[in-house]
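If you check TrEMBL, you get these features:
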TRANSMEM  290-312  transmembrane segment
TRANSMEM  364-383  transmembrane segment
TRANSMEM  389-409  transmembrane segment
TRANSMEM  429-451  transmembrane segment
TRANSMEM  463-485  transmembrane segment
TRANSMEM  513-539  transmembrane segment
TRANSMEM  545-573  transmembrane segment
TRANSMEM  585-605  transmembrane segment
TRANSMEM  617-650  transmembrane segment
Amino acid sequence: MRIMGKSLIGWICVFVVGFFQFSNAFYLPGSYMHTYSNGDQIFAKVNSLTSIETELPFSYYSLPYCQPLGGIKKSAENLGELLMGDQIDNSPYLFRMNVNQSIYLCTTPPLNEHEVKLLKQRTRDLYQVNMILDNLPVMRFASQNGVKIQWTGFPIGYSPTDGSVDYIINHLKFTVLVHEYEGNDVEIIGTGEEGLGVIERDSKKESGFEIVGFHVVPCSVKRDPELMTKLHMYDNVSSVNCPAELDKYQPIKEQERISFTYEVEFVKSDIRWPSRWDAYLKMEGSRVHWFSILNSLMVIFFLAGIVFVIFLRTVRRDLARYEELDKETQAQMNEELSGWKLVVGDVFREPCCSKLLCVMVGDGVQILGMAAVTIVFAALGFMSPASRGMLLTGMIILYLFLGIASGYVSVRLWRTMKGTSEGWRSISWFAACFFPGIAFTILTALNFVLWGSKSTGAIPISLYFELFFLWFCISVPLTLTGGFMGTKAEQIEYPVRTNQIPREIPARKYPSWLLVLGAGTLPFGTLFIELFFILSSIWLGRFYYVFGFLLVVLLLLTIVCAEVSVVLTYMHLCVEDWRWWWKAFYASGSVSLYVFLYSINYLVFDLQSLSGPVSAVLYIGYSLLMAIAIMLATGTIGFLVSFYFVHYLFSSVKID
């Protein structure tokens, strides 16, 4: 069966080429190389405050921190950053290339009751300050049981075990790793904090410096506010060591004035520019990834053996015996035979809720195409974490443009079931609004929760209008275009006729849905290990960049879903159950149920630090949306392969 026509393949090729060009426009300036000279000014930026306990991001300046002299200015944000709740602002932290110094920033007015309560709450919720220098997140290190552990960001404060007094982090010791760049008559990107420099030819062989590392040691230091207020911002102060005694920490109390200072040390490093992200993207648990892949291969070989037996030993043997007989004998055998050969007149009978099935298969093709292309691009390095929001932005753009595939598949499947193109506009509209409508409903409900919490993760109203514009001005027209192309494509003809009166299905000892639900365990066994790493990267603030493994897992998952659905479809036909359409879809689509249950298990046992009903509601809402998308994608794989299997099987049966 050919679902895709030549015209659609042409559209896809044009789209892929266009996406390569379009994706370059979404690379943030920080993804390009910056070179600095001695003494060049470099301002750090601050991102939203985040915590693995609440998963609610908040603005950096929602706390009484020092503000820049020129006021707060937001950096350019792309669609992905806005949806993820990233709010990147400028900061007063100023560095001068290769100049080691200790700097005073500001002293706050006396803290009021609200500020003290907010600081203590953010400290006890383990909120982190996320700072960025030359597009590199700040990193801190610690030793625990002899093991070196690294985090991105640093805590707002420190809460002792007794919980009597909370202390704020008000002194930062930065270490900036720089690599000396030797000009050699090559083209480089000009300097500039915003990365908007012009490409120049360095013919004078002048050297420059690249920032290849950004580390911090956070400290709490109690200072005399009377002495500190006599200083001005960026005045030099004496360097201090992080105190070990709590009585030398800066407490968070009402009417307390907090002085913020920092010091910076530049250290030359052998790390080169292309390798500066390696420290953030270290692949942990590579053996576990390989174990997951080997485990999936075992499942595939097991199922492949079953499919091999079905095709070569059972189906072909029965077909050979059946075709050797003359028509009279075949008619006589029809009264004696059992199994799939008896449902030849009902196997292509239109299923119940056929419109919904067509729409779900079409949306599944759209989601599956988006996931596959995104993972391929990411595995090839086109979606670097240095370009914040690029991955999510790329996924949204891909989903919008793949609406043409959704409309095409939905309408063509509808034509196959009905034998006519009548009603294709309704199918196309339904396909364009089904999954996006579910996503908008869930995200809107979660957005009200975020609005109530005053979190930066809440989607602004303006972005809602932008998303609706993208939906109805790009996705919907493309889906309708794909539906129109589906009406012009070659119709898929059934190999056998359908009887007017449906055949009675024999009673079974157990409900068939139990077998369908059980079939989902095999695809889940293929992806559950990789799912753990994905959930950890999303909810524990880790970088996920092993897209090569993820691509392999996606291929293995596709094979397992196809094999599971074929085996289950054949089993249902053998017991004279001709209602295979929805069962083929849910045989592989039921993996989403186990994904959702595993997400709940991860919440209970692995995210024990996650606290509060708001955080739990957000987690469950996002997990539900992910499970629905997985159900549509995997169910589509199983259905299309099963349709091809049934079509091929009964095309070999010559019965009028």
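We number each residue from 1, going along the chain as drawn.
Using N, Cα and C of the backbone, Cβ positions are placed for all residues, glycine too.
Note that this is a predicted model, so its numbers are computed, not measured.
Two recorded stretches are said to be in contact when at least 3 C-beta pairs lie under 8 angstroms, sequence spacing 6 or more; the transmembrane segment (513-539) and the transmembrane segment (389-409) fall short of this definition. When Cβ-Cβ distances below 8 Å are used as the criterion, the transmembrane segment (545-573) is approached by residues 281, 283, 289, 292-293, 296-297, 299-300, 303-304, 306-307, 310, 339-340, 343, 347, 371-372, 375-376, 378-379, 385, 512, 515-516, 519-520, 522-523, 526-527, 530, 533-534, 579-580, 583-585, 587-588, 591, 634, 637-639, 641-642, 645-646 of the same chain, each at least six residues removed from its ends. For the transmembrane segment (429-451), the residues of the chain that approach it from at least six positions outside its boundaries are 56, 85, 355, 358-360, 362-363, 366-367, 403, 406-407, 410, 457-459, 467, 471, 475-476, 479-480, 483, 614, 617-618, 621-622, 624-625, 628-629, 632, judged by C-beta separation under 8 angstroms. Counted as Cβ pairs under 8 Å, contacts with the transmembrane segment (389-409) are highest for 364-383 among 364-383, 585-605, 617-650.
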